[in-house]
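Enquirer: Grabbed the feature section from Swiss-Prot, which reads as follows:
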ACT_SITE  Glu327  active site, proton acceptor
ACT_SITE  His328  active site, proton acceptor
BINDING   Tyr131, Gln189, Asn212  NAD(+) binding site
BINDING   Ser238, Gln260, His263, His328, Asp361, Glu415, His420  substrate binding site
BINDING   Gln260, His263, Asp361, His420  Zn(2+) binding site
Amino acid sequence: MKYFNTIVNWNMLNSNEQKNILLRPVIKNNNSIKKKVKKIIENIQVLGEKALREYTILFEKCHINKFEVSKEKMLSSSLYVNQSLKDAISTAKKNITSFHTAQILSPIDIETQVGVRCQQIYLPLNSVGIYIPSGIAPLFSTVLMLAIPAKIAGCKQIILCSPPPIDNTILYAANICGVDKIFQMGGAQAIAALAFGTKNIPKVDKIFGPGNAYVTEAKLQVSSIFNGPQIDMLAGPSELLIIADEASNADFIAADLLSQAEHSISSQVILLTPSLQLAKKVIISINNQLKNLSKSDDISTALDNSVIILTKDLFECIKISNIYAPEHLIIQTKEPRLILKEILNASSIFLGPWSPESAGDYASGTNHVLPTYGKSVSSSALGLCDFKKRVLIQELTSQGFINLSNTLKILSEAEKLEAHKNAVKIRVDFLKEKI
């Protein structure tokens, strides 16, 4: 285990050094992965489940006769999940449901001028696919974060897939969240099967969920193909930035930094503070807590991507944070809501000492599927709207049309769109003949 001891004074750096200190771990543009994924997608499109079965043997080291998990197995999964975990999942489900139900938008119905009615309505996506990767432990929390809003949105078919064997906790969470079908399949081949369908696996309209480099590349490729599905986002390594002052609890900050660094060796954590005393306390606490963590070596590797930045004041912390545009932002200061007013770019924000990032990961109610790699500048956390589509409606009365007709003719003529102008003129002439 390496000793973490990285404090950098922001104002001792030149502009290039300041830029470099905020660089994220490089995501390699791997042409080998691109080519392999392209071949997998092509084989699934042509050979369907035959190719899917061969890839499952190759990558998952198991033979699957039937990819779909039976309803009986989904229901019986409850028997293999202990009650304390069921209770915790129930609490998380309740909070996530409450927060996402509050996101239901009302339709818009207005008259922009007399006789011109404009509406905006929201319709659920028909079929969505949820990908849950395998790992050291089952990621049932991601099932909740994706299946619950899909159900609230009214998606008619919710499909989940995960590499075999699928843990009972995943099956249990999927069942209580209203997932319709579950398939034992993983990797780029699973994304391709969801994207284009097979004999027994339905094609979906949009694919959600995280995964490794192959899954991410597959999502990118299928979404770029004509008639391919939409995707939620391309997830990068997880990241956390903390703004703290002398009033902050150093042990809390250290624990939060370590919890985020735990995600993967590519994770990045940053502390911004004007207090050198706090920075030193945090370093001591990080190294003390790290000794007691089972993944200390991996966390230490992630800390190589990480830094504590000493600033002249909190205003400078805000400026740096807005430049970095973190996935997760913790504001642990004396008056966090004053800082909040100045934050422009962050995917999910945690205020005060009692709001660890772990709360958002699991059970506060907000979604943990978030833009990374600075994308919070222009992108948002996953929400109910991602499972719906906006539809626009307009209805003009004859008088409303006449009132607007001259405007339409002038504008279409200015853009040299003769057929547009004619579509207006032919109606005007028709109405004049009736008078």
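The backbone N, Cα and C atoms fix where each Cβ goes, glycine too.
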Enquirer: Would you list, in sequence order, the residues of this chain other than Tyr131, Gln189, Asn212 that have their CB within 8 A of the centroid of the site's CB atoms, where the site is the one recorded for NAD(+)?
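Expert: Leaving out the recorded residues gives Pro133, Pro163, Gly186, Gly187, Ala188, Ala190, Ile191, Gly211, Tyr214, Val215, Ala218.
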Enquirer: Taking 10 A as the limit, how many CB atoms besides its own sit near the CB of His328 (active site, proton acceptor)?
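Expert: A 10 Å sphere around the Cβ of His328 (active site, proton acceptor) contains 24 other Cβ atoms.
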Enquirer: Taking only C-alpha atoms and a 10 A limit, tell me which of Tyr131, Gln189, Asn212, Glu327, His328 are near Ser238 (substrate binding site). These are the recorded positions.
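Expert: Checking each Cα against Ser238 (substrate binding site), the hits are Glu327, His328.
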Enquirer: Of all the recorded positions given, namely His263, Glu327, Glu415, which is spatially nearest to Asn212 (NAD(+) binding site) at the Cα level?
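Expert: Going through His263, Glu327, Glu415 one by one, the closest to Asn212 (NAD(+) binding site) is His263.
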Enquirer: Using DSSP with the three-state reduction, classify Gln260 (substrate binding site) as helix, strand or coil.
Expert: helix
Enquirer: If H, G and I count as helix, E and B as strand, and all else as coil, what does DSSP give for Ser238 (substrate binding site)?
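Expert: DSSP call for Ser238 (substrate binding site): coil, neither helix nor strand.
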Enquirer: If you skip the near sequence neighbours and keep only those at least six away, which residues in the chain come within under 8 angstroms of Gln189 (NAD(+) binding site), Cβ to Cβ?
Expert: Ile40, Ile44, Ala51, Leu52, Tyr55, Thr56, Phe59
Enquirer: Roughly how many Å lie between the Cα atoms of Tyr131 (NAD(+) binding site) and Asp361 (substrate binding site), rounded to a whole value?
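Expert: A Cα-Cα distance of 17 Å.
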Enquirer: Between the Cα atoms of His420 (substrate binding site) and Glu327 (active site, proton acceptor), find the distance and write it as a whole number of Å.
Expert: 46
Enquirer: Using DSSP and collapsing to three states, where does Tyr131 (NAD(+) binding site) fall: helix, strand or coil?
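Expert: Strand, per DSSP.
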